[in-house]
Amino acid sequence: MSEGRTFLSQLNVFNKENYQFSSSTTKKEVSNSTVDADNGASDFEAGQQFATELDQGEKQLGILSCIGLICNRMLGTGVFAVSSTIYTLCGSVGLALIMWAVGAIIAISGLYVYMEFGTAIPKNGGEKNYLEAIFRKPKFFITCMYAAYIFFLGWAAGNSINTAIMFLTAADTEVTKWNQRGIGVAVVFFAFLINSLNVKIGLYLQNILGIFKIGIVLFISITGWVALGGGLKDGYQSHNFRNAFEGTETATAYGIVNALYSVIWSFVGYSNVNYALGEVKNPVRTLKIAGPTSMVFLAIIYIFVNIAYFAVVPKDKLISSKLILAADFFDIVFGGQAKRAAAALVGLSALGNVLSVIFSQGRIIQQLGREGVLPFSNFFASSKPFNSPMVGLFQHFIVCTVTILAPPPGDAYLLVQNLISYPMNIINFAISAGLLWIYWQRRQGKIEWNPPIKAGVFVTGFFTLSNLYLIIAPYVPPSNGESVYSSMPYWIHCVIAWGIFFFGGVYYVVWAQLLPRWGHYKLVSKDVLGEDGFWRVKIAKVYDDTIGDVDTQEDGVIETNIIEHYKSEQEKSL
């Protein structure tokens with residue numbers, strides 16, 4: 001009956017042989033009889049309920065691996081590069097620290113929203129799965145919007161620029177608009193090349209550089225406490241905590257929201273495990289431990305690092321340091337040579353983040369190609385010639401290059417930061433508001449929704465309102481001279497973000513409406529279980545003159561069409 005159906009009853013997943021389908025689905029519950037170590041079902045606990053079929057591929061990621069995925073993605077250059085900007089916008093040490101605490105609370109609430117969706121739909125794909133589950137009509141519309149969001153944003157560009165600035169500082173070379181651009185492009189190209197030619201070497205570099213990140217932030221934190229205790233040379237202290245809230249009155253609504261954007265930029269990555277949940281051992285237990293552990297650890301470390309900055313760096317230097325605050329911190333504590341060494345280490349940390357981001361983005365582009373969403377899908381789905389998503393990686397390299405070269409050099413890092421954060425807030429608002437709608441539907445008895453981890457109405461509502469504020473507030477005009485950009489309008493990142501989503505809407509009209517009408521076919525989709533054991537959506541064209549009216553055909557005819565389409569595309573992409 002309709003009131004007893006699961007929320008995801010239209011996702012069409014089932015079992016056959018190598019390629020498996022279903023035209024209807026019921027609640028998936030792991031029973032005691034199915035928990036068998038031999039068939040891999042021991043990755044789930046008896047009695048757990050899921051709103052989708054479970055991936056059957058190899059489970060490789062445990063708790064420590066998932067903690068590493070989150071920390072390596074979150075700990076990029078944010079805490080090294082944005083603290084100066086946050087202090088400048090807030091006007092005081094106390095308010096700046098409060099912004100870091102507020103950002104951490106927003107990120108933790110977001111983590112629990114993603115954990116709820118992740119334990120309801122423990123499959124690879126992250127927010128794409130959740131958006132498609134919430135916004136089922138018009139079909140393919142939200143998929144096109146999400147594809148545009150992924151395709152046109154240069155996620156790795158900001159940290160590539162920061163890597164360039166850090167390496168130039170380490171070399172004691174003046175940073176100019178062209179050398180930072182040139183090295184920034186070279187950094188992205190290096191990341192593209194490594195991840196394309198040898199995936200194992202790329203992962204090895206990411207892990208090694210991840211150790212550098214943890215070591216740097218721990219060392220800065222300890223040094224800060226030593227400074228507060230008067231343990232530096234000649235008992236030096238900055239005395240920034242004598243009146244911690246002095247200057248708070250200069251903060252504006254525009255400054256607060258942009259400071260919060262910078263903080264949230266530093267927490268991007270808390271949902272990183274959701275992209276690979278199909279490969280996680282016992283995803284419910286793993287998320288319960290890995291998610292909160294990573295977030296609490298990094299939130300505390302971020303606060304300690306900022307306390308260290310304020311304990312050592314005088315206020316005038318805090319304002320002028322911009323992206324090289326960490327290097328100036330080491331300069332004050334240990335001298336000029338330490339500044340150059342610190343800049344090199346922070347540059348390596350940024351490089352590790354670039355490697356991690358382009359690694360993930362290339363695979364998302366490849367997956368969109370495999371599903372059939374992108375034009376020239378076979379091209380983007382290909383793993384030739386090095387068994388890597390080289391085309392997807394190259395696409396992200398091109399977008400990052402344009403993002404690095406297009407804006408004025410002084411504004412490039414902040415533009416990328418805001419250009420990533422703003423549309424991400426739109427996505428997060430849609431997901432959290434959708435979860436509130438699910439709660440309402442469940443309360444009305446219209447759907448079943450009982451994932452193992454629940455964020456709850458209060459946490460989800462807080463995350464929804466936080467993102468709504470972050471969507472609206474950037475339109476408040478800044479006071480004179482307060483704009484975060486020196487050569488561009490303060491609203492430029494908002495316009496670009498909405499333009500990208502608008503393009504996704506236009507693509508939907510052309511790809512999913514006009515072309516099928518002109519070509520006399522319909523786009524149909526099924527969740528397909530491939531030979532690798534992982535479920536993925538497959539979109540295929542079903543021509544009217546081949547099988548008649550698609551809406552009246554039995555599922556077997558359509559499934560046969562998709563299977564053949566899926567097999568042929570797999571063969572072409574190998």
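Glycine residues also receive a Cβ, built from the backbone N, Cα and C atoms like all the rest.
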Swiss-Prot annotates one residue of Thr34, Thr52, Thr552 as phosphothreonine; which residue is it?
Thr552
Same-side membrane placement of Tyr204 and Ile398 in Swiss-Prot
no
Among the residues Lys28, Lys123, which does Swiss-Prot list with the feature ubiquitin cross-link?
Lys28
Does the structure show the transmembrane segment (419-439) and the transmembrane segment (62-82) touching, where I'm treating 3 or more Cβ pairs under 8 angstroms (sequence separation 6 or more) as a contact?
no
Test of understanding: applying the rule of at least three C-beta pairs under 8 Å (pairs 6 or more apart in sequence), is the transmembrane segment (341-361) touching the transmembrane segment (491-511)?
no
Can you work out which residues elsewhere in the same chain, 6+ from the ends of the transmembrane segment (456-476), have a Cβ less than 8 Å from its Cβ atoms?
106, 109-110, 112-113, 116, 253-254, 256-258, 260-261, 264, 418, 421-422, 425-426, 428-429, 432-433, 435-436, 439, 490-491, 493-494
Confidence summary (mean pLDDT) of the topological domain 'Extracellular' (162-182):
86
In the same chain, who gets a Cβ under 8 Å from the topological domain 'Cytoplasmic' (204-207) while lying at least 6 residues past its ends?
68, 72, 194, 352, 355-356, 359
